[in-house]
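Take a look at the structure set out below.
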Amino acid sequence: MVSKSALCALIVVLFCSSPVHGGDIVHQDDKAPKRPGCDNDFVLVKVPIYIEGNEVNEFVGVGARFGPTLESKEKHANQTRLALADPPHCCSAPKNKLTGEVILVHRGNCSFTAKANVAEAAGASAILIINNRAELFKMVCEANETDVDIGIPAVMLPQDAGISLEESLNNKSIVSVQLYSPKRPSVDVAEDASEDFSMETTGSSNVVNISTTSAILFVLIASCFLFMLYKLMSFWFIEVLVVLFAIGGAEGLQTCLVALLSSFRWFERAADTFVKVPLLGAVSYLTLAVSPFCIAFAVVWAVFRRVSIAWIGQDILGIALIITVLQIIRVPNLKVGTVLLSCAFLYDIFWVFVSKWWFKESVMIVVARGDKSGEDGIPMLLKIPRMFDPWGGYSIIGFGDIILPGLLIAFSLRYDWLSKKNLRAGYFLWAMIAYGLGLLITYVALNLMDGHGQPALLYIVPFTLGTFLTLGRKREDLKNLWTRGEPERPCPHNQLQPSQ
């Protein structure tokens, strides 16, 4: 039994607070130096999306080295209708007539400046270029290009953003966009060897990539948070945790239910139709319909949590919250995953075993049981009654023992999907089996130690991480797993140059 009580309230806050740089986001490029007509800094661009006049999303793109600079304030940015290029690469004059629309095109087949010139000549007011991968890419001018006096802005969008916009346009929806580049963006940009932009957050999918720094900071801040819980443990402090858990659980339950119901055709229209709500922005009708139930469910659990069957409600809210966290937070590669799990491994051992030498009791176990609070443990746990134990009680597992290995397992699933591997040839199945074996060993150790709480990550991390490292080395795939986080993919010859 291990509970990382600190993790529930901490993990989203910590990972969503990755360090960012202030000031203008600029990106220098020695391989494609500035010259007249191609002298813009690389800046991040916010792209709010409107469908049928309602704002439904906001993507993040990157501006090109060429073309005019964009407005820095949203209120000065025009809301302009979006049109899909035909042919999609926009290397020749589009068949559809343009009258000031923003044109959406695909990357490839010709240079970025050629696409922009064709779009400008056709009457477009701006060009959005969909990248052929998840990251953003520097759009520069070829050394031998002369026609670089381009009068419309050019912005690149990540692949998933482009797919979403194409689907809306193909559904005959009226789609409009705004383009502006704030002076102080709230995201961090770094350059890697492949000249792609790697972002801490992407507006296109509301995903947070964990950095190595935040993985290391996790163990330090989590330890402080756990120690605070240990020292301040009381009835009222538990009540505060209950409220926080109920809010997070309701939000997680709503996210899961909306995603589930959206897959049924009866709810498609409600999921795709939005209304603007004060303070919340654009919200789908399906979300509005589901939210009261989720809030009521969480409130009923909080009020009746001492009833014998309340563990069912707690587990439902907890599982929904865990799924939501795994959906939002991502491990970008095996290197970050290794650092994160190694830190958590040490964290678990220290606060379950080592802390007894200093505090005369296991800090982790005291917090998990809710000692000194008059409550039956903190809410940030999954609980199952011991059916055949004459003394009763619950078998419990902390959220951290699921979320942290789960981040690595979710990474393995994404990697397998990008590699187009089947279950046996991929990493996901073996990572799941390794996690299951680690959890099984944890409960064996729990019984051998006469019920004394065990640090689950002591057993789970070696199994899960060891499986990844062993299989990666055996399949000669470790380099891609460790740094890139995705498999090598062949690139057509005409897309090898930075300007395509």
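Backbone N, Cα and C define each Cβ position, glycine as well.
Per TrEMBL, domain 'PA' is recorded for 84-164. Sequence annotations record features per position, and here TrEMBL assigns signal peptide to 1-22. Taken from TrEMBL, the feature transmembrane segment covers 207-229, 236-262, 282-304, 316-333, 339-359, 391-415, 427-449, 456-472.
Residues of the domain 'PA' (84-164) grouped by DSSP class, helix first, strand second and coil last, total 16 helix, 17 strand, 48 coil. Ranked by Cβ pairs under 8 Å to the transmembrane segment (339-359), the stretches 207-229, 236-262, 316-333, 391-415, 456-472 are led by 207-229. Here the domain 'PA' (84-164) returns a mean pLDDT of 85 for the predicted model. Highest Cβ contact count with the transmembrane segment (316-333) among the listed stretches 207-229, 236-262, 391-415 falls to 236-262 (criterion: pairs under 8 Å).
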